[in-house]
Structures are given as structure tokens and as C-alpha cells.
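A quick write-up on the structure given underneath.
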Amino acid sequence: MESLASLYKNHIATLQERTRDALTRFKLDALLIHSGELFNVFLDDHPYPFKVNPQFKAWVPVTQVPNCWLLVDGVNKPKLWFYLPVDYWHNVEPLPTSFWTEDVEVIALPKADGIGSLLPAARGNIGYIGPVPERALQLGIEASNINPKGVIDYLHYYRSFKTEYELACMREAQKMAVNGHRAAEEAFRSGMSEFDINIAYLTATGHRDTDVPYSNIVALNEHAAVLHYTKLDHQASEEMRSFLLDAGAEYNGYAADLTRTWSAKSDNDYAQLVKDVNDEQLALIATMKAGVSYVDYHIQFHQRIAKLLRKHQIITDMSEEAMVENDLTGPFMPHGIGHPLGLQVHDVAGFMQDDSGTHLAAPAKYPYLRCTRILQPGMVLTIEPGIYFIESLLAPWREGQFSKHFNWQKIEALKPFGGIRIEDNVVIHENNVENMTRDLKLA
């Protein structure tokens, strides 16, 4: 395998090319990219956890250091001012020397407010990309050049096409997340609480709870019916029925986003339904290829959901086609089939059809779908179908012409299990689809 250093060198060359194109198109001289700043909790001197600007970490794997600045013009070596204060109160990251520092000019920045004296004097034609517009104004950046929409749309669109360096980082993130999922399943099987399962996951991945790319969803029993359940009960459940884990990891700023669901027993209807959702998810991935709309795969999975609802007699006396047409599958899978993945968990440009930012919204029938792109080589997406038993979504169907088709007794029996979600991360290649998750033998 090519070294990360050589992959990074090619990655920077790609980013430089994209930057040249964007600067030419929007008549700018350079981009000033800000890592971000710490923001204090209201009426407190304690800051919120730092989250780096994703456009910053696209260039350098510096994810924990505020007050850093990148100046890029697509031609000269990128210049990084790395915040290096004299501070005995807080940990100070040393000036980096790593696989990537040969390709970036790294300069120590001892004072956060010292950046102004180090930037080019002429700043009227520099674009600022970052979370603190008032800082850009203080530095003399034109208001019209602060987070310019055209530039950001352009950069976001091409972020969909991952470089080999980015794919290498994402495969490493997968390994970490897979370790976490295995540890969490073991903790579940031993009867631990959600809180303790989460600790086991974080320990196995080497993350703090502020390091993971999103809040871990550690859901036992009926909690699996809450799509983004993040409460974490401290008490172990008296009866373990089911466990849904949606949790990822991050490597050099790139995310993994995996979900698995386990049944406590292997011989009940719920366990069979978990197996069937898993099989249908793999079957869908086997059909995926470049040149097809992501929306098509979402719609196809609703047809697969209909097949499972019929097989398990959750919906009866209705064809699979009629179930999808009348949206009887909707309350059982109330989210999209997945989303783009990369520097962000819900990565950018899911609706962009070109580098001008042309927006194609999700279909009216499926407004929660996060991607309407035609799949192309280099894209990374999640495939995460589910079946849930959510009373607020089922309640409207308890009356009306379709109520008789719902096997309410079966649904009541399944509600204590919450739901099921199975999520893999896939890469679209020219002639195949790589399943990064299954390649690591995560069942």
C-alpha cells in the first residue's frame, strides 16, 4: 500500500487544483481558512468542546487546535499558522512534524490576535472561510468575501469525490469503529447498562465522548425506536431484548458511521427480522453502481421493506407494490437510506447537481432523504435501512381504510424491541462498490 505521506502529497495537489479553479472563477487571489475559536458557555468561563472547521481539516489533519489559519492560493505551498501559545493553564499541542508537514509551511503563532501582522498587507481580494465572520472583518477582509457562497458551493461539490488519501483515512476510521462495535456487543451480552456499554465503546476506539464524530446512539430495548437516542441510562435493563448501536470514529478528521442491531435471543421473530433486514441491506448494496441516482436505491429499499412486512405478517392482505404506493412502508422506515460521508458525518453537497450549487431536493414523498446525487466514482455513502415500531408514526394508521392491513397484535409484540437499523459505509468505484465495513468482517 502507498504510504500516507505520498497519498497526502497527491491529496494536496488535488486541493490546490480545486483552489486554483475556484479562485479563477470567483476572481479571488487566495483563501484564508480559519480552524475556529473556542466559545464560552453563556455566563461562564468554561468553553464548549472545540469542533474544527471542516474546510480547514480538509487540508491538514489538525482537529483539536483553535486559532490556526491556512492561506492557500492554489500555486504556492499552503501556509499554516499553528497556534502555539505560552500557557501553563492548558495543554499546548507541539508544532507538528508528521507525514504531512513536508507539504505545508508550518509557522508558530504564539498569540491568537497576532495573525493580522503576518498576513499579506493587501487583503481586499482574499476570501475568508470560517466560523467567526467578525474576526475576518477585523482583519480587513471584505464583507462580500466572507464565506462566499459560490466558493463554498464549489469546494463542497468536489468534496464528494474522495482522494486516495481520504479513502485511506476513512478505512482507518472504519477499523476503530469496528473495534468499538465488537466491544459494545460483548458489553451488551454481559448485561451492562447503556452508559457502561458506551464507556466500553469509547475505550475500544480510543475516543473521548467529545472526539467521536457524532453522539453515540446506544439504545437498549424500546429505546431503539428513537432514531437519535442519546440519553444513556445508567441502570442496566432488567430484561435485555434488543440493542441498537449507531456509533462511529474519526481518523485524521474523517468519519466512520456504523450501525448494528442485535437480538438478545436468537430464536424469536425479532431476531429473524434483524437477519432479514441485514440480508436485504447486503442485497441492495450488491446492486449498486456508478451512474444511478441515490434516490432510486432509497425507493428500492422501500420495496424490500414491503417484502419483509409481508413475510413477517406485519402487513397482511396487500401487495408489496400497494404498500409502497400508499406509503404503508413509511412509518416503519421514516428516514433516508443514508447520506454522504467524509469530513462530516452528514457530509456536504448531498443535493448539489453541479459545481455551481444547483439544488435538487429530496422527493416530496421522502423529504428526509439526505442525498439526490447520481452516484459517481470516489463518492462515499452510508447505506442504513431500518424497520422501527414508533407509536407516534403508527398512530395515524390505526384508523382509516388501511388499518385492517396492519397486524396490530404483531406490532404490539415487537414494540418492546424498538427497532432495527443496519448501516455500512460504501465507496463507489468505476466498476465496483467497496463495502469498507464488511471488508473488516463486521457481521
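Here the Cβ of each residue, glycine as well, is placed from N, Cα and C on the backbone.
Site annotation (Swiss-Prot, ligand Mn(2+) 2) includes ASP246, ASP257; from GLU93, GLU412, GLU423, GLU430, the additional listed residue is GLU423. Cross-referencing HIS207, HIS302, HIS339 against the Mn(2+) 1 binding annotation in Swiss-Prot, which names ASP257, GLU384, GLU423, picks out HIS339. Sequence-distant neighbours of HIS339 (Mn(2+) 1 binding site) (same chain, six or more apart, CB under 8 Å from its CB) are VAL345, HIS346, ASP347, GLY350, ARG370, CYS371, LEU381, THR382, listed in sequence order. In this structure the C-alpha atoms belonging to ASP246 (Mn(2+) 2 binding site) and GLU384 (Mn(2+) 1 binding site) are separated by 10 Å.
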